[in-house]
Amino acid sequence: MALFEQTETTTKVTLDDTEACCCTIETAQTIDGHTEYVVRVQRGPYPENSWRILRRYNDFASLNKCLQISGIDLSFPGKKLIGNMRPDFIAERLNALQEYINQVLMNPILASSLPTKKFIDPDSYSTPFHDLALQYASMSLRTDGVYTLGQSLGPIGWRLRKHYFKVVHKPQGNKHSPGHSTTKHHLIKSSSQSHGKQHTTQVCVTTSTEKDYNSSTRDHSGRDDLILSWTEFGPDRYIDEKEIHTVLKNFGGVQHPYIVPIEHIASNDSGALVIRKFYKQGSLKDVLCSASPCNPFLSKYGSPKGRTPLPLKDLALYARQILEAIRFLHSKGMACGHVHCGNVIVVDGIAKLMDVENFIFGVPSFYRPFFVQHSKINTCEAIDVYGFGHLLYEMCMGYPLQDSYARQISDCPDSLKSLLESILSKDACKSSLPTLDQLTTHPFFGEYAGQFNDLYATTIAVQKPHLKFSTSAKEQLKLAVQKTENRVRDEQRSVKNQKRLVRVQEMMTSEEEKKKIKQKAKHEQKQAKLRAQNSLQLNNGPPTTGSAGITATVHLSSSTGGIVKSDSANSITSPQEALMSPPPHATDSGGSTSPQPPPSAPPIPGPLSSVPLFAADSDPSQAPGSSATGKQLAKSISGDEPTTGNRSALLQSICNFNKSGLKKVVSPTEAGGK
């Protein structure tokens, strides 16, 4: 190996937790006296990305127990102790469990929970995410020396790889006598996301003068409580590792009246932490659901007790403020990609957007399973507009839209309905969404937030927006936007191709298509039978119509490439097909047949008195030109009677026959009459 040769570096493949999974219980098998179900799991649109797991009924029961905190009514089959090994009962139980797992995976809240992920993909989700986050956050703050890590807030968010902790400022200027240190180690209990088990971990060094984190909303210095969020880097992180520290440092100084400021931001090779002010009222989603922000997200958002839509004036004001925050980010060459009610804080009538750094971290969007189904939503601006539409819908209705588009929008003013339909209708998602600038001029905001422009001008005069990136950071952000959009387009093409394949398969298996296939098979069978019959006729000669309707043919010379005409069903045949016919047979005028030996050589044209070619008891009707002779020839060729001679000689004589050399034979009766 050369001295300066560069070695290949392996890139860590990060799993997209928002990618939809589906489960199919294929069969059941009996092992050691109990029933195990073979479950096939597929992630994404490609069948190749699938695996099989074995699950017992008790595994399904454990999953259902973990999900009961959500309050969602799920049709889980009850347990049966007697007769549970009968084949009919196992088949019935299999169908019931299939229906249950379908309900779980169709609900975005339940499908994104850690118990569900561990049930369907234990290999990928058995990592102790919470313990790793605790370790990384503690090590990062220990080197900082300004903040102290506090109690874990548990699974209050929907992301599996994002964890929240309370933090406080470390006391400054405390002096103690030598040898009498009041510093001691505190054991901080943190709730794990997996089973709610209490883990005791030594995370930091604190002083005995600090108050308990749950007893007050402010620390001992009188400053507001802070919250720390640790986030692992996602699959859309395209900023170089050497530049991401610079980008985050520049972004940490963002200032905007409608963006939550950042107190502290830092990162390592695995992820990054952000410290912000802790708001007791929680996010806008907590306000709409009337939920406490520190409760687990399954209990907060699974089946909330109350849904509180916003008044139209507040809705228009908050939406307009969030819209200005998104426009500001795009003006700086950055996208948000994570616009939803969980990332909005309302303080004193002002809505502020937070977690905007998620774009730099490369984590997938909450609405990604929705907009990958529409190929027109393929830019960062369109993604933010689409998320803004879902935000409007939830603020208006009080509950989120559970589909990729709204089939029907009602119970709202016409101007708001027009705004929602321009973003969330099926036609809008299939064609194109409005731009951010077009949304600001919509009549809805002019009707319910007409004074916003003057208010915004006054606000930015007091607090001037600020976000400045270095030249290298701008290039990195531009490249990240392009790669993010390319990944979205690739995934949209995959989803579109898979949908087309599914539609084709459904058409092939539908009842109507089955009938068409059956009719086509019958038709092909009938055509094959007809072809076989025609082949037999060509080999054995054309069919006859009986003694009364003998086939009449007119043979042309094979040297001229003529055809053979007949009165049979096969009205036109080639001379070669005619030559394949059996040898002719002679018939008398009375209709009786008598075998006639074939000539040994072709007839030679000459005088009529030398050798007559055709003579049958001196009957003029047996002349070659007469109809009887034609019938005789056709009958002999059709092969009605057996032949006793050399067939090849007869065929050769027929082919070399020259009609121009014939002369009329005069019978004695005709001669006497003359």
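The first residue you see is number 1, and the count goes up from there.
Using the three backbone atoms N, Cα and C, a Cβ is placed for every residue, glycine included.
Sequence annotations record features per position, and here TrEMBL assigns compositional bias 'Polar residues' to 189-208 (among others).
What TrEMBL lists as compositional bias 'Basic and acidic residues' is 209-220 (among others).
Annotation source TrEMBL lists compositional bias 'Basic and acidic residues' at 484-494 (among others). Residues of the same chain lying 6 or more positions beyond the ends of the compositional bias 'Basic and acidic residues' (484-494) and with a Cβ under 8 Å from any Cβ of it are 44-46, 235-236, 238, 335, 337, 359, 371-375, 377-380, 383.
Annotation comment: TrEMBL describes 532-576 (among others) as compositional bias 'Polar residues'.
Among the features that TrEMBL reports, compositional bias 'Pro residues' is placed at 595-606.
Taken from TrEMBL, the feature compositional bias 'Polar residues' applies to 619-630 (among others).
Residues annotated as domain 'PX' in TrEMBL: 15-127. Mean pLDDT across the domain 'PX' (15-127) comes to 92 in this model.
Sequence annotations record features per position, and here TrEMBL assigns domain 'Protein kinase' to 147-445.
Look at TrEMBL and you will find 646-665 tagged as domain 'WH2'.
Summarising the annotation, TrEMBL assigns region 'Disordered' to 171-220 (among others).
What TrEMBL lists as region 'Disordered' is 484-647 (among others).
Assigned with DSSP, the residues of the compositional bias 'Basic and acidic residues' (484-494) fall into helix, strand and coil as follows: 11 helix, 0 strand, 0 coil.
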